[in-house]
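Have a look at the structure below, then the notes.
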Amino acid sequence: MPAAVFASSVQRSLLSSSLRRVAVSSSAIRPVRASFGAIQTISPFAVRTMASHQKIKVKNPVVELDGDEMTRIIWQVIKDKLILPYLDIDLKYYDLGLEYRDETNDQVTIDAAEAIKKYSVGVKCATITPDEARVEEFKLKQMWLSPNGTIRNALGGTVFREPIVIPRIPRLVPGWKKPIIIGRHAFGDQYRAKDAVLPGPGKLSMVYTPEGGQPQEIEVFQFKNGGGVAQTQYNTDESITGFAHASFKLALDKELPLYMSTKNTILKKYDGRFKDIFQEIYESTYKKDFEAKKIWYEHRLIDDMVAQMIKSSGGYIMALKNYDGDVQSDIVAQGFGSLGLMTSVLITPDGKTFESEAAHGTVTRHYREHQKGNETSTNPNASSFACT
């Protein structure tokens with residue numbers, strides 16, 4: 001929907017009795033999103049004017065993925081007050097609340113991912129990824145995988161997270177003057193790994209059997225004094241290549257320099273593959289365009305890049321592996337003010353499929369207070385921006 005309608009109404013959306021918010025003066029000037037990561041202001045008069053017009057027809061269906069706890073409540077308020085009154089929209093609804101995922105043996109998550117593939121656009125509410133405590137709390141059949149991980153692996157692509165920069169909100173990292181965009185590779189690594197607790201002494205090895213070839217065994221470790229733990233993870237050239245193209249294209253679109261960071265000094269083959277593919281694609285496809293826009297691409301070690309990030313003024317894109325992107329995006333969000341002030345967008349390598357979500361969790365602490373009937377005050381901005 002129009003950013004002006006959506007963002008200017010966000011404070012009024014919190015007047016819902018379900019959130020039990022204190023009333024906000026209707027004469028206040030509200031922050032409004034002008035573009036991805038930018039802020040301007042608009043008078044409430046614009047909301048009244050737009051509300052008097054007929055609904056805007058949305059051409060294509062949008063896949064809606066509902067979620068859990070406090071964000072589920074906020075999501076419904078956003079939809080009722082900011083979406084449905086203004087848009088004539090065909091929402092393809094999938095309930096990814098934990099209870100229904102358990103009821104369907106997580107099939108609903110798979111179905112939702114397929115629907116996003118079909119319709120090309122999805123908006124997702126925050127969801128619970130269960131741990132042992134959640135399994136007990138909800139009496140789950142098993143500890144289901146992260147729905148985010150399932151959807152990202154089904155779609156592929158890259159998750160780009162950018163802070164919503166509001167000048168009046170103080171930054172915990174005061175030197176950050178310009179946005180830092182995190183490009184998180186949304187496939188493989190720890191998020192699709194196989195791990196195990198090994199009960200006692202023995203040999204751990206990996207076996208790779210080429211199509212039509214003989215098995216190749218790689219010895220990993222010999223456990224001698226008791227057992228331990230082990231993990232096997234993977235990635236693919238196809239996915240890394242898509243990650244690279246998406247990152248380079250965004251850098252050109254934003255006219256920002258791009259840094260790709262790994263720990264290739266330790267993971268010489270695994271992380272080295274990321275480094276090599278990025279460099280090959282940059283040299284063959286994007287170097288001239290980067291130079292024309294006077295921006296650059298550089299690979300830097302992840303620990304070096306993190307140190308540089310803290311002392312920089314911002315204004316660049318970081319392309320990171322799955323886990324590194326997960327961690328660093330939260331650091332960037334908090335450094336700019338709040339986890340509730342960050343957009344999160346999954347874009348496939350071909351640029352044709354798009355899934356947007358809030359970058360934070362389900363706000364369990366507030367939900368517990370809501371269950372008790374107590375007043376809560378939850379930042380809805382990231383959930384609101386997911387729908388813009």
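Each residue, glycine too, has its Cβ placed from N, Cα and C.
Because the structure is a prediction, the values reported are computed rather than measured.
The annotation D-threo-isocitrate binding site is assigned in TrEMBL to T129, S146, P147, N148, G149, T150, I151, R152, R161, R184. Less than 8 angstroms from the CB of R161 (D-threo-isocitrate binding site) sit I181, I182, R184, G325, S329, V332, A333, M342, T343, S344, V345, A359, each of them six or more residues away in the same chain.
Sequence annotations record features per position, and here TrEMBL assigns Mn(2+) binding site to D303, D326. D326 (Mn(2+) binding site) counts 19 other C-beta atoms within 10 Å of its own C-beta, drawing on all protein chains shown.
Per TrEMBL, compositional bias 'Polar residues' is recorded for 374-388. Per-class residue totals from DSSP over the compositional bias 'Polar residues' (374-388), listed helix then strand then coil: 6 helix, 0 strand, 9 coil.
The feature region 'Disordered' is assigned by TrEMBL to 367-388.
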Around G149 (D-threo-isocitrate binding site), how many other C-beta atoms are within 10 angstroms of its C-beta?
18
Using C-alpha atoms only, work out the spacing between D303 (Mn(2+) binding site) and G149 (D-threo-isocitrate binding site) and round it to an integer in Å.
25
Measuring Cα to Cα across T129, S146, P147, N148, G149, T150, I151, R152, R161, R184, which the record gives as the D-threo-isocitrate binders, how far apart are the two most distant ones in Å?
20
